[in-house]
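As recorded in Swiss-Prot:
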type	residues	note
REGION	1-53	region 'Disordered'
MOD_RES	Met1	N-acetylmethionine
COMPBIAS	40-53	compositional bias 'Basic residues'
BINDING	Leu62, Gly63, Lys64, Gly65, Thr66, Tyr67, Gly68, Lys69, Val70, Lys85	ATP binding site
MOD_RES	Thr212	phosphothreonine
REGION	353-422	region 'Disordered'
COMPBIAS	394-405	compositional bias 'Basic residues'
MOTIF	400-403	motif 'GILK motif'
REGION	441-568	region 'Disordered'
COMPBIAS	519-530	compositional bias 'Basic residues'
COMPBIAS	559-568	compositional bias 'Low complexity'
Amino acid sequence: MEGAAVSAAGDGPAVETGLPGSPLEAVAGATAAPVEPRKPHGVKRHHHKHNLKHRYELQETLGKGTYGKVKRATERFSGRVVAIKSIRKDKIKDELDMVHIRREIEIMSSLNHPHIISIYEVFENKDKIVIIMEYASKGELYDYISERRRLSERETRHFFRQIVSAVHYCHKNGVVHRDLKLENILLDDNCNIKIADFGLSNLYQKDKFLQTFCGSPLYASPEIVNGRPYRGPEVDSWALGVLLYTLIYGTMPFDGFDHKNLIRQISSGEYREPTQPSDARGLIRWMLMVNPDRRATIEDIANHWWVNWGYKSSVCDCDALPDSESPLLARIIDWHHRSTGLQAEAEAKMKGLAKPGASEVVLERQRSLKKSKKENDFPQSGQDSVPESPSKLSSKRPKGILKKRSNSEHRSHSTGFIEGIVSPALPSPFKMEQDLCRTAIPLPSSPEADMSGKLSLKQSATMPKKGILKKTQQRESGYYSSPERSESSELLDSNDVVISGGLSSPPPDPARGTSHSLSCRRKGILKHSSRYSDGGTDPALTRPEMPTLESLSPPGVPSDGISRSYSRPSSIISDDSVLSSDSFDLLELQENRPARQRIRSCVSAENFLQLQDFETPHNRPRPQYLKRLADSSFSLLTDMDDVTQVYKKALEICSKLN
């Protein structure tokens, strides 16, 4: 299945389509970059009656949509397994939807890449459009992650390299996908990536701006949700950042329970990094930059050291960065950026603590992978309002993709899906129609809400269940194009819109208390989630403190005279806890213990140039932390003779980048 597409045998002339000279190019203009000659991708076009059942044996249904369904089938003569997508024309009520369906066929027929679903044949008559396409037997990448909960770094890099390779090929040929998500990424027999669903894709030019605010909310970039014009590739780069975060951590970076919180998180690039760090966190932060000019391009991603770690060659054949250093030096630079970012984040938190009412704004902690919505499932504003003058229309900012839909409106297409390129004299099917989408989305206006959203991560009374929650229900397949409406769009009709799909965690129960109220928990030194937690500090960043002498009384003889079963239930004490009765002889209870520095201060960036100060016994780390220090990111430097020179070189590169 992988490799160049094979044209199927059949009646009728074969029409070879490609980006150079294709009908789509004649309509939408030239591509963004010169297209290199490549092997022609033959696609049969049939415009006459043809009985498919004579050539294909239809099997089970893979997915359903508004306009038809996708079935698995086997070609009788060759035995090749294909996916057959049938579209009923009588269900297409809007001409623009037909334009986008034909555009998807043109673009997918023009692309020829081993990690993009191929189209073999297209049949069309007055009633139907039937597309014979490549079949990916392993299904969606979403389901693959759902079964495994979390992928290894090696497997994640394998998948991400193939995704980046396909997206780079699209951008090089002037095509932007605009709907990259786990549901639109399929797997073949050999677990190789196959990108599908080009229903929202379009050609772009570097000197033009697009104004179609489409895509899935959980993967949408800040310029999409805020209704700002964009060039195109930067939208795919943002979606790649969300995909990489999800592949590594198994959760979504932006996971607000309502559309206002989601817009605020995306607009500020506000996401939580799990306590278990990954070497790809620097690349994720680069791809999730709010400013599109500072965001990583597809060439930056393809040449990043993490993407190419363990491989002899880069993902793409594009030019690498000049004077690129070794991956080791890149990791030092990446660590430096992370350290400065954490310091700035801590300062922002301290400033937010001083503001009144800061604890009232809660940022829901994302802990689960959610099924994303199709673009036309977003709530939309009514279009039957009173017409406004052109001056008022031009003064309004265009709307984003997260809009409220009135209950009386049930159109199958999205006004946010209408395509427009900011350039004059375009043919009518591709002209700008942004006049239909002018309602701006209200953004949170309180600065306290933006600055203190992270203050109550630990104060939420109820947290969503960690992991990937999947509901077994019939839904659309990744083969289906985005203009088609899914079954769960009615969930977005209320005022408090829930962006998450059927796999989302339930919202917090109001009966259990507000999110900023502290949960009832017995005081004392109790182990929580295999780490010591004080309720307000990240457990991974906190060193366990020495217990008081009062807390070291034998469990069987409590000081207050109450039996152990009432004073401290055994269910809240971990078997491997340091405070268990079998481990009291391991505690160090010297009264005049000299104060020791924390690990972070011992190996901080500022003291790297004065390593000789750490040779005294007073400043050496405690023995139980030696293994943790050896396993940290600084262990990469232990095999080098001159640590100071490497760090100085990294600082010079960081200063040049800044």
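Don't overthink the numbers, they just go from 1 along the chain as shown.
Using the three backbone atoms N, Cα and C, a Cβ is placed for every residue, glycine included.
Swiss-Prot feature annotations superimposed on the structure.
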residue : record           : CB count, 10 Å
Leu62   : ATP binding site : 21
Lys64   : ATP binding site : 18
Thr66   : ATP binding site : 22
Gly68   : ATP binding site : 22
Val70   : ATP binding site : 22
Quick one: average pLDDT across the motif 'GILK motif' (400-403), no decimals.
-> 46
Pairwise C-alpha maximum, in angstrom, for the residues (Leu62, Gly63, Lys64, Gly65, Thr66, Tyr67, Gly68, Lys69, Val70, Lys85) that bind ATP according to the record | 14
Secondary structure at Thr66 (ATP binding site) (DSSP, helix/strand/coil)?
-> coil
